[in-house]
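What Swiss-Prot records for 11, 69, 138, 142, 143, 144, 204, 226 is GTP binding site. Under the heading Mg(2+) binding site, Swiss-Prot lists 69, citing similarity to another entry as support.
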């Protein structure tokens, strides 16, 4: 019941996705052969949200992996959990998109998209009552942004009434890996505004800052960054997978967070984040979690919520705690920081409580906020876009793939 189909595309998406499955397998007690080796029946009760039970009691993730070059997927396959995925669900091309949105969306990606859709259809037919799709991708490259948005729009056509949730890694302001990021990101955002229901906005720079300042890691790797992302991804869906006092699902989330259909870009945060050395000095209490969760340093994208106002927010707590205390803390936050909330939506914080905490923690919380300050991200990308587009720099790479200048 209520299955979620996970799709990962491009190098970034596949690396985040691989990490995410490590976390989910750990939570449900599934080892790297797909066999269950956990210790509580709660782990199995709703395991079918993310897993399909195959013959011989193996659990197979409902995941579709796609890329336009085989490299990253080979490393996923040879990674710790590479053997649990269904081999037919690896769909890859040979040519690569070369950081070019047009290649991913129009030429190379369009050739591969039908085989991806076949796999998606197969997985969807295996579901009892499909709730929606979650897509991991980045917006700076070619495959994740171009082919990712193409896939999202195709799925939208075929399953118009299912939720579409994306975890999108935006180009960061200071750290840039490609010159044409602003083009790719702008073209993608245009698609996401139309075709996605909920976008969790992530950003490498903000994640680096969290690793650096909060977790006190001297040299954070992409693995550490992806671990943060996967903690959040797991938190968003914990209510579907474990019993709780106040449940939420993707649709409830959307209904409570989106005041106007185009404003569906959210900032996410996760608590408790503590460096390995200072863990034993912190008390895990609801007020403590709440405080860290609303902290601007805790946001996983480079926009400062203090520069805007929250339209709505959602807090998901995990672990054994009193719902009364959660409600008190939420009211408390809204009263103390009332200037940061819009006054035309009263009680705009939704909270939910799930009884089972993540592995290794007593309690944890995930934060999702719909804040007006997210415009900083869009403004930054669009300024970089305008600067290049004014000179028509790099455009020939896109027009050469059959795009028209008017599309920009």
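Backbone N, Cα and C atoms are what each Cβ position is placed from, and that goes for glycine too.
The structure, with features from Swiss-Prot marked on it.
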{"residue": "11", "record": "GTP binding site", "Cβ contacts under 8 Å, 6 or more apart": "67, 71, 72, 138, 141, 143, 144"}
{"residue": "69", "record": "GTP binding site", "Cβ contacts under 8 Å, 6 or more apart": "92, 93, 94, 95, 96, 97, 143"}
{"residue": "142", "record": "GTP binding site", "Cβ contacts under 8 Å, 6 or more apart": "10, 68, 96, 97, 98, 99, 100, 101, 103, 104, 184"}
{"residue": "204", "record": "GTP binding site", "Cβ contacts under 8 Å, 6 or more apart": "169, 172, 175, 225"}
{"residue": "226", "record": "GTP binding site", "Cβ contacts under 8 Å, 6 or more apart": "15, 16, 18, 19, 20"}
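Summary: among the binding-site residues (138, 143, 144), the fewest other C-beta atoms within 10 A of the C-beta are counted at 138. The record assigns 11, 69, 138, 142, 143, 144, 204, 226 to the GTP site; their largest pairwise CA distance measures 23 Å.
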